[in-house]
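See below for the structure under consideration.
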Amino acid sequence: MLRSWSQLLLLLLPLGFAARLPGTVVPEDYRIFLRPDFEDGCSFSGRVDITLRALNDTDDIILHSKHLKIDEESISFLELPSQPEQTDSTRMPRDGTENITVSEGHGESRHLLRIGLPQTLQKGGRYVLSIAYNGTMNKARSSGIYCRQYKHGNQTRWLMSASFEPYLARSAFPCFDEPGYKAKFSLKLGHPTDYIAISNMPAIGVQPLEDQEGYSVTEFETTPLMSTYLIGFLVSQFPSRSVKLSDERPLTVWASSEQKLQAADLALLYGRKHQQFFSEYFQLKDPMPKIDFLGIRHYQAGGLENWGIISFEERLIILDSPSRSRRANRLRASSLIAHELVHIWFGNLVTPKYWDDIWLSEGFSSYFATLATNNMFPTTGYDIQSFVLSRLAAMSADSLPTTHPLQVDAASHPTGDLFDEITYHKGEMIVRMLSMVFGEDKLKSALQEYLEEHKYGLASDTDIWNTLEKKLEPGSLPEGVSLAEIMETWTRKAGYPILIVNRNYTTSQVTVSQSSILDRDDGGWWIPVSYTDAKQRNFSATPKFWLSPKATNYTFNTSAAPGEWILFNTRAAGYYSARYDMANSFLLADDLDRLPLLERIQVLGDILQLGYLGQSPIELSLDLVLHFKAELSPLPWFPLLEYVPKYVALFRGTEGEHGFVNMFQGVLGNEFDRLTKDSPHTKQMFKVSCRIGVKNCTEMALSMFEDWKTNSSKVPEELRYSVLCTAVEKGNASTWYYLEEKYQSLKDGCKEKKDVLKALACTSDTKLSNKYLNWALETKTSKKGTKKSDTMLKAIAERDPSLLLSTFVNESSLPRISKSMRWKRILEKVALNVYNEEQLNQLKNLVEESREKLKSADFTERNKIVDIATRNVEWVKGNQNKAVEWFNKLQRNQKA
């Protein structure tokens, strides 16, 4: 029991990557009041009353607060009965405030709020902590608690909203801002009387706000148990449009204008269909009494799963006539809506204990978004399209030295960096592997049980593995090995395995072994090995055996004749690549047209990627390029389009450069001419074709640019950057300055403005390139400025890494870029585009110099950045002569 407050101490302390809340007290519920003041620089005031339970005796309370001005005089405690059902309570006396001090730390981006107590809170005791405070909303980005202007008819209006994931609820109210601290939330929002407020739960009522003329307060029902990052709200004058879900709950879309709402029918349709699909699939009802979709212009993320009030980038789900005429936009809207709805079950109802398991939310949501969208559009082949793109994205990122495991130590890793290709795409591939290997029905049954058992609670991946293992048939797993042990090799290790296949064509024996794509000796994986051959052609994903991480190799007999191929990883079920001996590789290459689509994509993708990584003969990869002259399905083109720019680098500065590029132009040009607006690979084909100079692509891009100058809607959004980049590259200084002026006139945060900014880096004019670079290096103290600079520096890195390196190795330039929050990402982008010795040495010097000059946590793995570039340079050295010889041989054969 607290008796004296004369020594109360309030401190704001920095929260580094390793800092976690101590867990000595936990929240049970929050009562929050927020009131915006749009006229006063987007300021806001608030009060929070948090009911706490002490799990241990403690003389302080530690929670989160970010950039909030705490009213020291307002802090009070109320001691409650130990049981919630009892009603008597005692307010703790407070003797004085003369020793209360407030000081703000200088942490990375998060803060701890420590309230030192003069006496000890007793284990099991329940208390109410009350704090009043003031703050300023984010005006630059839709991040944290933010405000923004928008047009309501001919008038300008304001909105206040929230985007808290992963750790920004603390910017709106002091709280225990970790996913494991679930509580119930009761929210009241003050707002101008002619505005509307919505939140996670339905409104109880609206009343005049005391002592604030022209303001009202909307009170909302109490939420279920949930994490702080899921709190959402909107204060605005947005109109709305609703439909009934299959369970009679309302689904409502909110948008900035009535005109926008006219195009919201697809969002309502997709939301209704997906919600019904998931409710039936998971056999668990969403407890929220309603679902709101917020269409926010220039929203920072594509979507955010705030429970009961999901935020979206408006243009992605509200499709006007030109946008909805393109199937790719409809599929994207469907997948995005499905992804956020899956979070009702994976993330909201059942929540990872901490951010190190965030892939459980994002990976499963990505997988089921594909499942639901394919269910809605069964004739589009969306499941295979999504698979190939996710596999490419995952394996490209996971083959870099800078990759990380699915499950990381989030306390020592920047949490924001975890929302990446590994978490989303590798996570999706791991879930798909479970479904393919064990069967969708087994996975479905296990997930239903898992969700029911852990609803409103916390869980880890081990909980899923243990539940799924109970559903499996005997013999499904290696003897004496649990599913949890198997999956640990996939979630705790970075990279992925290469299955090495060698055939003895005399004895009909096949020997398989494994290595890491990262060439690390840190143990192997439990690999589900499936295979078939040209004779059997049994493309079942069920494993024939599991390759142990400790096994040196495994040998078995095959029924395939010496002249017949054998193929591993049927249905591309496993998250691994297969590397064959040359004879079997050529047998597969000769029979590509007769392989099923998934297997054809996998063989092409594996050989092209392993060739780029130096793990497979370059001649084999180049032979496969010629296959694409006859490839009619658009989906196998995705791997080729991923690696064309990288293979072109092999020929830079060689005698075969012109001829080799001409060959690629011919291969891509044939496919480019077959494109339609609904071709799934149009975006990638357009970008790569224009980049390497396919004539028809360049001509079309320049024509579209002229149309864009008078009417930007004539350029499809997915092609806009390529069109603008081509125009800048082929144009003169007047084109560049026209786009610079256009950039300045566009509204901050819009996708078009970012495309224009990136395209300006495409100039071949040295003076303009230097002007662009100096612009990128301008010192900016705001996050908005840093974000702009990061975008520009990455654009330069992709087009002209030498320009960046020659500037960065100049010692005086280092302090100008030291404030970049994405410095590691910029250097990684540079390294990915380094292909010669001079650039490599410059990068090494830069990294060495920046060790002392840039005191950033990003440099704890700086050697891995150099490793990326080193691998590229060594790849060119080892393969350039072979590639030129291959091309010369091709030309001789064509002449003969």
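Positions of Cβ are set from backbone N, Cα and C atoms, glycine also.
Unlike curated records, TrEMBL annotations are generated automatically.
Going by TrEMBL, these are the annotated features:
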SIGNAL    1-18  signal peptide
DOMAIN    26-230  domain 'Aminopeptidase N-like N-terminal'
DOMAIN    275-490  domain 'Peptidase M1 membrane alanine aminopeptidase'
BINDING   His339, His343, Glu362  Zn(2+) binding site
ACT_SITE  Glu340  active site, proton acceptor
SITE      Tyr424  site 'Transition state stabilizer'
DOMAIN    565-850  domain 'ERAP1-like C-terminal'
Any further residue of that chain within 8 Å (Cβ to the Cβ centroid of His339, His343, Glu362) of the recorded Zn(2+) site: Glu305, Glu340, Val342, Phe346, Gly347, Ser361, Phe364, Ser365, Ser366, Ala369
Tyr424 (site 'Transition state stabilizer') and Glu362 (Zn(2+) binding site), distance between Cα atoms, whole Å: 5
Cβ neighbours within the same chain of His343 (Zn(2+) binding site) - under 8 Å, at least six residues apart: Glu305, Ser361, Ser365
Local Cβ density at His339 (Zn(2+) binding site) - other Cβ atoms counted within 10 Å: 24
Cβ atoms near Tyr424 (site 'Transition state stabilizer') (within 10 Å, other residues, all chains): 23
